[in-house]
Amino acid sequence: MSPNNYLVLSALLFSIGAIGVVLRRNAIVVFMCVELMLNAANLAFVTFARLLGNLDGQVVAFFTMVVAACEVVVGLAIIVTIFRSRRSASVDDANLLKY
Amino acid sequence: MNFVAPVINYSQVLPILIVLGTALLGVIVEAFVARDRRYQIQVPLSIAGLVVAFVWILKIHATTAITAESAVAIDGPALVLQGAIVILGIAGLLLIAERKLDSSGDAFVAQAAAIPGSEAERTATLAKLTQTEVFPLTLFAIAGMMLFPAANDLVTMFVALEVLSLPLYLMSGLARRRRLLSQEAALKYFLLGAFSSAFFLYGAAFLYGYSGSVGFRQIREAIQTNAGNDVFLLTGIALVSVGLLFKVSAVPFHSWTPDVYQGAPTPVTAFMAACTKIAAFGAFARLFYVGLSGARWDWRPMLTVIAIATMVLGALWALTQTDIKRMLAYSSVAHSGFILTGIVATNKAGLSGTLFYLVTYGFTTIGAFAIVTLVRNASGEATHISGYAGLGKRSPWIAMLLSLFLLALAGIPLTSGFVAKFAVFSAAYESGSTVLVIFGVLTSAIAAFFYIRLIVLMFFQDPEEDGPTVAAAPLMTTAAIALCATVTLVLGILPNSLVHVIDAASRFVF
């Protein structure tokens, strides 16, 4: 199968993730959509590594995974805190800061 | 298969390693030292680490080298910005460490895990609990900020971006008062920050697909020889720019700035407003001047439009604000536009103007936010602008210092802001972007209005009956304000000393 198909798949995953961030209301789901976007980037890196025949892209994928794991730690801490204060993880309820 | 050990010149990356090492020591202190003694250890430890890092930066100031297997470039712009970040980091740390202003402790929450308004929170507040985890977090952020403008490939840049952002997400949620606002600021900052770094990473994947490498030199060469698929290059430039423009809060990607600046504890806002902008513009300049310089006809029009939109909309929104922290946030958006003017110039004067602007802007911003921490009422800081009415009559010194910082932000002559604005606008004019200069000067005039409105409010109106009072500035805050005011004045009257240093340093290595 042509590696190009994987690029198309990664673009689809990235778009689904980006649309999800914009449309979904639950902070956890929004965050999962961001993770989907990071994984789409990983897929693109690995595909390009295969297309170009060098290993840089695969190494980048490892860095991304580590960074994504760190982001989960910080992100879930923040989301859990806000859920405990407000009894809701909806990003629409967090609306005190405006104008 | 042969495995070749990487070559790292440790002396060139030592400033970053010192700050990281101090941060790790700080984590160990958190783990092993009794709670009531941590503060006495953390503050001197953090400041000593930053001072040593700054001394080492001075020692290696003439270095121009690419090290760590071409992942890090230590050159003039990187060292100037690292030096500025470390000094501003010390000023920010002094504000963060201040414990004399708030009767119940410092600016940070007694126990972050306690639910706002709960019994646990009351107990923690009554027990006068104070936390010190914010010191190692600040140092981690500073280390990331020092690496960001020195990163010489897209992976290092991405890792530095996250190392500087993650501690800031947490720190902006740790305010002692108005905790719901603070937590909301952290949530917004985190979700939007993660969103934008995903864009950055996806763009990096396309630049890698275009050039076959993530290194800036290889990307540069690929563009010069027109080696790859242009669709990949343009997509990559666009997506990577989204990630970086978010960090510098340029207009379509600025929406987090006012909320986070308002909700975060003011010392954190001061630190983050100054240092994040310096680090992000440093990285921005390196990526666009080194990696993507061959494609400048593709990205200059895009950045020109964004610069104009950022200047105009930032200044207009700032006009309508009634909260001083939000007003300063929108003013920081407008300043991003002015700095982008220097970047779009793509000549040597543009680079040195940008560096000069970043340094002066950093000192002025920390000074202005430091004053905001002093104007207080019973429930904490009084950030509504009406609270500043008549400040000049009650505390003339504080009002004069705030006026100095506001005039510098407005770019009035004899302050550092004027020299900086002149530098970027003249560079843009030299490069032929006359439209940018016209918009820049016009929006400077709009921006001057809301800065001067606040000055008029302070000096020519009577104070409110039960308005906020100005706390007598304690030692550490005074030191930070004095440093910022001195730099703002000295660079306004005698800019040549720094201009020469920066002119000599404004050359990227590649």
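Cβ coordinates come from backbone N, Cα and C, glycine included.
If you check TrEMBL, you get these features:
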TRANSMEM  B:12-33  transmembrane segment
TRANSMEM  B:45-66  transmembrane segment
TRANSMEM  B:78-97  transmembrane segment
TRANSMEM  B:134-151  transmembrane segment
DOMAIN    B:151-446  domain 'NADH:quinone oxidoreductase/Mrp antiporter transmembrane'
TRANSMEM  B:187-211  transmembrane segment
TRANSMEM  B:268-289  transmembrane segment
TRANSMEM  B:301-320  transmembrane segment
TRANSMEM  B:327-349  transmembrane segment
TRANSMEM  B:355-375  transmembrane segment
TRANSMEM  B:396-415  transmembrane segment
TRANSMEM  B:435-460  transmembrane segment
TRANSMEM  B:472-494  transmembrane segment
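Most Cβ pairs under 8 A with the transmembrane segment (B:396-415) among the ranges B:78-97, B:268-289, B:355-375, B:435-460, B:472-494 are made by B:435-460.
Beyond its flanks by at least six residues, the transmembrane segment (B:268-289) meets 73, 77-78, 81, 84-85, 88-89, 91-93, 95-96, 107, 134, 138, 141-142, 144-146, 148-152, 157, 160-161, 164, 168, 171-172, 174, 216, 240, 244, 247-249, 260-261, 296, 299, 303, 325, 328-329, 332, 335-336, 339, 343, 346, 351, 354, 358-359, 361-363, 365-366, 369-370, 373, 508 of its own chain at Cβ-Cβ distances under 8 Å. Taking pairs at least six residues apart, the transmembrane segment (B:301-320) and the transmembrane segment (B:472-494) share fewer than three Cβ pairs below 8 Å and do not count as touching. Comparison of B:12-33, B:78-97, B:355-375, B:435-460 by number of C-beta pairs under 8 angstroms to the transmembrane segment (B:327-349) places B:435-460 first. For the transmembrane segment (B:355-375), the neighbouring stretch richest in Cβ pairs under 8 Å, chosen from B:12-33, B:78-97, B:435-460, B:472-494, is B:472-494. Remote same-chain partners of the transmembrane segment (B:472-494), defined as residues 6 or more beyond its termini with a Cβ less than 8 Å from a stretch Cβ, comprise 87, 91-92, 94-95, 97-98, 100-101, 359-360, 363-364, 366-367, 370-371, 373-374, 398, 401, 404-405, 408, 413-419.
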